[in-house]
Ligand code: G16
């Protein structure tokens, strides 16, 4: 846009007219209240076109506010059922949107009329000191949901309102973590992070994996449940690069079969049911002792592993906690072998949420690995992990990654190894930092991280599993008329509302040996989640049932 006053005023009027046209084409449905939740907006896809149009406006404002830095927009509802969809914004570093801007997204999404949208938009431009003359740059992508193309149209309508001042790049159908990678790589003007394309991601990930596996390959076969989602595409691509060193067998790859996405498969199914997907069970993929399987979720930003007990044949889950523990211990060992001294010593820490199994936290702390507990949501974990030199963060549901601080990377690059062992350890730490998607949790790169660690340790799944035994637990979804009446505090380990409910939960916990339970409203689904763990499965089930009853009673009374 021109800075000449008359021309600028005219261009501003043209912009507001274009926004008004888009807003009229994508009106907000009545009686719907949107919230930018744990991972952006998420609800039935039919309720989302107006949100997509408005999110586009905010993405452009954010890019212009940051002097043209590239912002990402991902259209996905991840683990949710297929009729849902969602949208979230990605900041220039590849991280989730700055939480201060989440309220602006919510405000725009809830404007009831075209006039109120124009007014809120104009206020935001002033209040956020956005110079509309700045350029803007956006990259966007979607998962495989059938509602995706129509929602992308609404999104593009929002970008087009700004005319030529916005540069847009459509990454197409891809995983959430690849979109985060592309955003981070686009903004890294040094070019050292990698090429800002899907192929650039594949090359970088595959090269690091090959370096780490070296002569340890070929590895044992791996069965991968892709949740019938976009992870199937990414897996096919990465297999082209590394299929000779790890035989990968993709399962549940029906990305175009209506209703198949996340249905009876995927990481959320496995974690919640604590069982194999029926498709994996019936085909007997894991029947050969020692065979590993893993499940992605619908947009491939989560992963959980599993295998069948070698003598009992029972299902054994290796979830986000098990990944965090193995990886943190392994990096702790590598750092020790690197023999970095004085100020150059690197500190490894772990970030978990209240869902982390009590046994995993005990295992880590008893081995002097510091553990931080934060609220659910990648944004909370990511920021807490940035406080460590090497911060390992995983939610129990399989969402996580490892962050190397810029100082830690510099220390490793500048290190003068004192022995071949320390030189190797430093080389491996640097290769792991390239393998790991440091923008966000990533099922594909986390899978290769796990495989590389297992290969280095010479472990089978059962060796990995042997570190500690999970406390029996149960996770339940409770549908309530209004989940907003449940307000949690203390990293979501306690409820402050409804008043009195926490005292009842405390009493229920006290009756059960090693009992622990908490309640929190979901930020991605219309439900309240109840978690319970105890010394035995029967007690964990009893505690969960008692707390579910308490939640339902207090919901009826409110
Ligand atoms: C999203 C978030 C995760 C969170 C999960 C469930 O995952 O990115 O951090 O654990 O939702 O959140 P809630 O319990 O609030 O519904 P995904 O994989 O669905 O994007």
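Think of each number as a place in line: the chain as shown, counted from 1.
Cβ from N, Cα, C; glycine included.
For the domain 'Alpha-D-phosphohexomutase alpha/beta/alpha' (68-106), the residues of the chain that approach it from at least six positions outside its boundaries are 34-36, 39-46, 48, 51-52, 54-56, 58-62, 124, 128, 134-143, 145-148, 151-152, 155, 176, 179-184, 186-187, 227, 258-263, 266-268, 297-299, 301-302, 377-379, 382, 438-440, 524-525, judged by C-beta separation under 8 angstroms. Among the features that TrEMBL reports, domain 'Alpha-D-phosphohexomutase alpha/beta/alpha' is placed at 68-106 (among others).
For residue 297 (Mg(2+) binding site), the same-chain residues that are 6 or more apart in sequence and have a Cβ closer than 8 Å to its Cβ are 78, 79, 227, 229, 231, 262, 266, 267, 268, 398, 443. Residues annotated as Mg(2+) binding site in TrEMBL: 78, 297, 299, 301.
A 10 Å cutoff on Cβ-Cβ distances gives residue 78 (Mg(2+) binding site) a total of 29 other Cβ atoms nearby, all chains included. Residues or ranges marked as active site, phosphoserine intermediate in TrEMBL: 78.
Feature annotation from TrEMBL assigns domain 'Alpha-D-phosphohexomutase alpha/beta/alpha' to 122-187 (among others).
In the predicted model, residues of the domain 'Phosphoacetylglucosamine mutase AMG1' (221-304) average a pLDDT of 97. The domain 'Phosphoacetylglucosamine mutase AMG1' feature in TrEMBL is assigned to 221-304 (among others).
The domain 'Phosphoacetylglucosamine mutase AMG1' annotation in TrEMBL covers 319-459 (among others).
Of all the Cβ atoms in the protein chains shown, 24 others lie within 10 Å of the Cβ of residue 397 (substrate binding site). Taken from TrEMBL, the feature substrate binding site applies to 395, 396, 397, 520, 521, 522, 523, 524, 529.
Residues or ranges marked as domain 'Alpha-D-phosphohexomutase C-terminal' in TrEMBL: 475-549.
The residues near the Mg(2+) site, meaning same-chain residues not in 78, 297, 299, 301 whose C-beta sits within 8 angstroms of the mean position of the site's C-beta atoms, are 76, 79, 143, 175, 176, 229, 296, 298, 300, 302, 443, in sequence order. For the substrate site, whose annotated binding residues are 395, 396, 397, 520, 521, 522, 523, 524, 529, the maximal Cα to Cα separation is 17 Å. Listed in sequence order, the binding-site residues among 78, 297, 395, 397, 521, 523 whose CB lies under 6 angstroms from an atom of ligand 1 come out as 78, 297, 395, 397, 523. The two recorded residues, residue 397 (substrate binding site) and residue 299 (Mg(2+) binding site), have Cα atoms 14 Å apart. Counting only the Cα atoms, the space from residue 529 (substrate binding site) to residue 301 (Mg(2+) binding site) is about 20 angstrom.
Minimal Cβ crowding within 10 Å, among the binding-site residues 521, 523, is found at 523.
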